[in-house]
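**Q** Here's a structure for you.
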Amino acid sequence: MTYTVRTYGCQMNVHDSERIAGVLEDEGYVKSGSDDADVVVLNTCAVRENADNRFYGNLGQLLQKKNNGRIRQIAVGGCLAQKDRHKIFEKAPWVDVVFGTHNLGSLPALLRRSRHNKTAEIEIKDFLETFPSSLPVRRESNYSAWVSISVGCNNTCTFCIVPSLRGKERDRRPGDILAEISALVSEGVLEVTLLGQNVNTYGVEFGDRSAFASLLRKAGAIEGLERLKFTSPHPAAFTSDVIDAMHDTQAVLPQLHMPLQSGSDRILRAMRRSYRAGKFLKIISEARNKIPNIAITTDIIVGFPGETEEDFQDTLNLVAEVRFASAFTFQYSPRPGTPAASMPNQIPGDIVQERYDRLLDLQNRIALEENRKLIGKEVELLVTVGGRKDSMLDNRYTGRTPCGRLVHFSCLHQLRPGDFATVKIIYAAPYHLIGDNALTVRRTPAGDVWIQKNDTRSAQLVSLGMPRIR
């Protein structure tokens, strides 16, 4: 039988989808080459309302395909499944299986049971059954991998539904994490992202407050690992020893995603974020003093209940001061069951939209100005997989700088995902850069692995097509 997994939401879900694919293939399922398959798995997100709406809209489209015989079974997992449970069957009785965030490994058995009994099956666990990293995995990338160091979250942010769906923080032992990274590197992986809901509280379960900084140093020392990243930290628990470890460990990339959410102390207090703007700015200042070329990115929520124009101006002022390389900006979305959803002074949508547009305009200007500083500089890129299959043979590629910036460039030599290329930047836009023809190329074992997994006709691969310079 064939399968496909559609993923909504955050990096946690992307990594969970790799595990879902792994347990299915371990049972003999084969990945479909299209969006249609015998089994369609939807790995859902519950963080914002628009994710809910998109999911239920897609379920309606799948009904027609199921009636036409193009799909045999539909399974729904992830945070929305954990939250809505029986509601999914009420809204979409054609769904066959609903499973939660804590029991990914149960999916094959639930699918078998549903086929045998010709009934819908639901299994939601309220506690972690098996740590996801102990399950089989099917990774899409030959050069980059997620490695989970913890699951769950002990914070109580008033806008966030994740702790109630993912549970309290559970930490993996350092030895297990390092062993997984070593195994990945032996398979050709060059880049690892350490993944957790709040990575810098890693170690809380075994009482070691310096555990995350120590983990960075030990992981970065693994021979063959060229790039090491992590996401996401929390400003309240972020400490100097992590910045020191980033500075001292060559493999750790000069990039830091530090969620702000708001620049207003009053709103941060209402969000129950446990830090204030001054603490945030102190972290940024220390990071830049110790790692001058570091790129800082962030998350910002616009329109939190009770946000005044003065509060919003505090956010704009902080954004202008910090000058983020990029920012994930969101309009506040009330989630049922969270304290913020029942707070007074919910902000009208037109005001939220107007503020959101102003923030986006400011951040885009800053991102463009920061990117323009790179024009004329030479940067080393990790070649990544592009999205335009019709331009895979025209010697145009895409890659990421150590700071995480996206660069489109040309190369007269054949490149594979996982190879490295050095280019000179000739053009900048807010969200990407353009490089001249590659100056040097470094082929890697990761590129060799890509060749082994792909036929030679597509081996010239990775171009997106060069954006026009306007």
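Glycine is treated like the rest: Cβ placed from N, Cα and C.
These figures come from a predicted structure and were not determined experimentally.
Pulled these from Swiss-Prot:
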type: BINDING; residues: Cys10, Cys45, Cys79; note: [4Fe-4S] cluster 1 binding site
type: BINDING; residues: Cys153, Cys157, Cys160; note: [4Fe-4S] cluster 2 binding site
type: DOMAIN; residues: 1-116; note: domain 'MTTase N-terminal'
type: DOMAIN; residues: 139-369; note: domain 'Radical SAM core'
type: DOMAIN; residues: 372-439; note: domain 'TRAM'
**Q** Whole-number answer please: how many Å between the C-alpha atoms of Cys79 ([4Fe-4S] cluster 1 binding site) and Cys153 ([4Fe-4S] cluster 2 binding site)?
**A** 14
**Q** Determine the mean pLDDT over the domain 'Radical SAM core' (139-369), rounding to the nearest whole number.
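**A** PLDDT averaged over the stretch: 96.
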**Q** Who sits close to Cys45 ([4Fe-4S] cluster 1 binding site): which same-chain residues at least 6 apart have their Cβ under 8 Å from its Cβ?
**A** Tyr8, Gly9, Cys10, Asn13, Ala51, Phe55, Gly78, Cys79, Leu80
**Q** Counting other Cβ atoms within 10 Å, pick out the least crowded of the binding-site residues Cys10, Cys157.
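**A** Taking Cys10, Cys157 as the binding-site residues, the minimal 10 Å Cβ count falls on Cys10.
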**Q** Quick check: which same-chain residues outside Cys10, Cys45, Cys79 lie with their CB within 8 A of the centre of the [4Fe-4S] cluster 1 site CB atoms?
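**A** Here the nearby residues are Tyr8, Gly9, Met12, Asn13, Thr44, Ala46, Val47, Ala51, Gly78, Leu80, Val162.
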**Q** Using DSSP, what's the helix, strand and coil tally for the domain 'MTTase N-terminal' (1-116)?
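**A** Residue counts in helix, strand and coil order: 60 helix, 23 strand, 33 coil.
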**Q** For Cys153 ([4Fe-4S] cluster 2 binding site), which residues of its chain lie six or more apart in sequence with Cβ-Cβ distance below 8 Å?
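**A** Counting only residues 6 or more apart in sequence, the Cβ neighbours of Cys153 ([4Fe-4S] cluster 2 binding site) under 8 Å are Cys160, Val162, Pro163, Arg166, Lys168, Glu169, Gln197, Asn198.
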**Q** Would you mind ranking the binding-site residues Cys79, Cys160 by how many other Cβ atoms sit within 10 Å of each Cβ and giving me the lowest?
**A** Cys160
**Q** Taking the recorded [4Fe-4S] cluster 2 site as Cys153, Cys157, Cys160, identify the other residues of that chain whose CB atom sits within 8 Å of the mean position of the site's CB atoms, giving them in sequence order.
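**A** Result: Asn155, Thr156, Phe159, Ile161, Val162, Pro163, Gln197.
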